[in-house]
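Student: Following this message is one structure expressed as structure tokens.
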Amino acid sequence: MNTVGTPLLWGGFAVVVVIMLSIDLLLQGRRGAHAMSMKQAAGWSILWVTLSLLFNAAFWWYLAETQGREVADPQALAFLTGYLIEKSLAVDNVFVWLMLFSYFSVPPALQRRVLVYGVLGAIVLRTIMIFAGTWLITQFEWLLYVFGAFLLFTGVKMALAKEDESGIGEKPMVRWLRGHLRMTDTIENEHFFVRKNGLLYATPLLLVLIMVEFSDVIFAVDSIPAIFAVTTDPFIVLTSNLFAILGLRAMYFLLSGVAERFSMLKYGLAVILVFIGIKMLIVDFYHIPIAISLGVVFGILTITLVINTWVNHQRDKKLRAQ
């Protein structure tokens with residue numbers, strides 16, 4: 001696998017992730033099960049974004065010093081583009097978590113505990129998926145066309161799909177788990193397992209955790225190929241992806257109270273997926289520069305947010321008129 005990642009870069013990335021996760025877990029342990037406030041969520045979100053940008057700046061500086069700016073500039077731009085794509089697509093993941101927690105009636109104080117383990121599991125699963133995907137692409141380059149067609153299909157499907165939490169209980173995964181696990185009827189505080197009459201029971205909280213992990217794998221199948229459209233360097237794909245999902249938990253609590261205000265966002269994300277899919281399909285005929293890709297993704301998100309703001313304004317105006 002061709003990569004700009006050196007032992008120093010890999011080691012530096014690992015140290016940053018381990019330190020930040022340790023601090024996060026330590027604070028979680030001291031405070032116990034409680035909901036993250038909007039102020040805390042905003043603070044952690046800003047911290048993760050700032051840390052990601054600082055890492056990219058350090059990454060650029062290291063490459064500029066060791067290999068020159070002709071290498072550093074496009075690689076740092078690839079990281080930024082991959083990070084923006086993953087961060088954008090992660091919002092849809094957050095909305096699915098909202099539906100899961102609502103359907104299973106998980107109180108806010110326990111949602112944070114589930115998401116701690118959910119993000120840790122996502123780090124492991126995505127790392128495996130990224131290295132496996134990179135290896136497959138190096139062996140079978142035609143897979144990029146498969147990924148492109150898949151993203152094109154997914155984008156159209158996302159735009160047309162209707163989100164409905166009422167059908168969660170009928171999902172094959174949920175039905176299978178309920179049929180094969182000895183499970184309590186109600187959530188037992190913050191426990192994933194409890195003992196009753198000498199028998200070990202799973203709790204609905206474990207079911208929610210498994211569904212959170214499962215939903216992340218499903219979204220990773222979309223987002224990881226999307227970053228492969230920008231670069232196939234495993235270091236950039238992994239670091240941009242993980243930095244984006246490390247801030248997912250804070251993003252969840254930041255958006256959980258205002259999710260209904262982002263009704264148009266899924267259409268913007270759908271357009272991004274369609275654009276990336278087309279980019280991958282036409283790569284042999286026309287190579288879209290990374291800077292153009294970054295501009296297009298940023299432009300789509302900006303236009304979507306402007307339209308979303310206008311829609312909310314019109315809706316609020318109608319409500320006030322009633």
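Every residue, even glycine, has its Cβ placed from backbone N, Cα and C.
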Student: Do the topological domains in Swiss-Prot put Asp73 and Gln314 on a single side of the membrane?
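Tutor: Judging by the topology that Swiss-Prot records, the two residues are on different membrane sides.
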Student: Hey, does the transmembrane segment (287-307) touch the transmembrane segment (90-110), meaning at least 3 C-beta pairs closer than 8 angstroms, sequence gap 6 or more?
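Tutor: No, since the transmembrane segment (90-110) and the transmembrane segment (287-307) share fewer than 3 Cβ pairs closer than 8 Å, they do not count as touching.
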Student: Is it true that the transmembrane segment (136-156) and the transmembrane segment (262-282) have 3 or more CB pairs under 8 Å, sequence gap of 6 or more?
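Tutor: Result for the transmembrane segment (136-156) with the transmembrane segment (262-282) is yes.
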Student: Mind looking up the mean pLDDT for the topological domain 'Periplasmic' (65-89) in the predicted model?
Tutor: 91
Student: Would you mind listing the long-range same-chain contacts of the topological domain 'Cytoplasmic' (308-321), meaning Cβ under 8 Å and 6+ residues beyond its ends?
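Tutor: Beyond its ends, the topological domain 'Cytoplasmic' (308-321) has Cβ neighbours at 261-265.
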Student: If you count every Cβ pair below 8 Å, which range out of 44-64, 199-219, 226-246, 262-282 shares the most with the transmembrane segment (114-134)?
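Tutor: Most Cβ pairs under 8 Å with the transmembrane segment (114-134) come from 226-246.
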Student: Quick test of the contact rule: Cβ under 8 Å, at least six residues beyond the ends. What residues does that give for the transmembrane segment (262-282)?
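Tutor: Same-chain residues near the transmembrane segment (262-282) but 6 or more away: 85, 88-89, 91-92, 95, 144-145, 147-156, 158-159, 163, 222, 225-226, 228-229, 255, 288, 293, 296-297, 300-301, 303-305, 307-308, 311.
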